[in-house]
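Participant: Structure in structure tokens, see below.
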Amino acid sequence: MDWQLSDDAQPASRVPASRLLDGGLGAPGDPTPVPVTGAWRPGDDPGDRQFARIGDLDTEAGASIADAVVAYETWGTLNAARDNAVLVLHALTGDSHVCGAAGPGHATAGWWEEVVGPGLAIDTDRHFVVAPNMLGGCQGSTGPASLGADGIELGSRFPRVTVRDQVEAQRRLADRLGVARWHAVVGGSMGGMHALEWAVTHPDRVAATALLASNAATSADQIAQNTLQIEAVTSDPGWLGGDFYDLPGHAGPARGLALARRMAMLGYRSQQELNERFQRSWQSSVDPLAGGRFQVESYLDVHGNRFTRRFDAGSYVRLVDAMTTHDVGRGRGGVEAALERITSPALVVGISSDRLFPVADQQRLAAGIATSVSGAEPIVLESGFGHDAFLIESARVRDLLATLIH
């Protein structure tokens, strides 16, 4: 887990601006101030990242991204037949560091360490595993924090992108890697949106698909939640229309970004878990009526404030917006018609306590995909951890993936 400062357990609104982003990414008490964005920047240690230039990319909305770059990581070796490549797609605030130790360029260890690696379900001894950072993100692929040709961060000049645009960037990466057909495409949450788009747009290039805790089209309820998170960021006085990158760290939109993250956490974890874990316990045994706080409040604040050190507000707005506009049926006659395009075996997994992407979303997927390996009903992972169970219940997810990826 990320380390935390004493101020992290306080609402960002209570932390003095001069201390809001004190401390570096290396260790507690590091006096190096964190910049206005937590994005990876050219000149930072690349760690295990590699970079592919994919040319100019025209977006669905009619804009163009000049000289786009995809940052990615790989494990294993592409075989002579070029048929052992597995594409692993991260969630909204994830990145390409699927497995591997923390170190220079990677503040934390891989987020799926117990699923991807030697001898595991996604076996790096047998498979060539590719994990890209999504377009619009902040870990090396072109996004709002990237520099334009004028040497200034793109900021508000970075256009809206869709899941389909992001998959097009991944398709170009595949071409540059010499991968004509993926042995499997695997994604959870927003990564599952990408995996689905791959299976529908390029059915001839996908031999198997795993869709974990994801959906076919964003619902009104999900759009509403996304809208509030975006507004939390853009209402921050430090947002400046998205062109905040030349501000000192304490003047940027960190408070808004921290608030958006706290909102999102309520969708990532279940009501059951929060109630059982925190109940009505007080933080530091101080009665809230006497100026104290409930433990669950501090929990949300820790996650929100830490998040500002590893993510970028501009990327958050663009990526949440991409989730909002997700609809695999757009321009294809609707969701059901789009799902009929899928020809490869598909593993559809829901989580019993997921309140962000409820099981009804996966039921729609399984019912519409003729090649669903579980038939017209998804496999439901019984877990109290909510949406994040696909990250937390590693052993059970590993077992499920092992039935699909051979």
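Numbering starts at 1 and runs along the chain as displayed.
Keep in mind that glycine also has a Cβ here, set from the backbone N, Cα and C atoms.
Pasting the relevant annotations from TrEMBL:
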type     : residues       : note
REGION   : 1-46           : region 'Disordered'
DOMAIN   : 84-390         : domain 'AB hydrolase-1'
ACT_SITE : Ser189         : active site, nucleophile
BINDING  : Arg261, Asp388 : substrate binding site
ACT_SITE : Asp354         : active site
ACT_SITE : His387         : active site
Participant: Among Asp354, Asp388, the recorded positions in question, whose Cβ has the most other Cβ atoms within 10 Å in this structure?
Facilitator: Asp354
Participant: Do any of Asp354, His387, Asp388 (recorded positions) have a CA within 10 A of Ser189 (active site, nucleophile), and if so which?
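Facilitator: Checking Cα-Cα distances against Ser189 (active site, nucleophile), the recorded positions within 10 Å turn out to be His387, Asp388.
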Participant: Asp388 (substrate binding site) to Asp354 (active site): how many Å between their Cα atoms?
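Facilitator: Cα to Cα, Asp388 (substrate binding site) and Asp354 (active site) are separated by 8 Å.
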Participant: At a 10 Å cut-off from the C-beta of Arg261 (substrate binding site), count the other C-beta atoms across all protein chains.
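Facilitator: Counting Cβ neighbours of Arg261 (substrate binding site) within 10 Å gives 25.
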Participant: Taking 10 A as the limit, how many CB atoms besides its own sit near the CB of His387 (active site)?
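Facilitator: Other Cβ atoms found within 10 Å: 24.
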Participant: Going by DSSP, is His387 (active site) part of a helix, a strand, or coil?
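Facilitator: Looking at the DSSP assignment, His387 (active site) belongs to a helix.
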Participant: By a simple count, how many Cβ atoms lie within 10 Å of the Cβ of the residue listed as 'active site, nucleophile', its own Cβ left out?
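Facilitator: So the number of other Cβ atoms within 10 Å of the residue listed as 'active site, nucleophile' is 26.
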Participant: Which whole-number mean pLDDT does the model give the domain 'AB hydrolase-1' (84-390)?
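Facilitator: Over the domain 'AB hydrolase-1' (84-390), the predicted model scores a mean pLDDT of 95.
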Participant: Using DSSP and three states only, what is Arg261 (substrate binding site)?
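Facilitator: It is helical.
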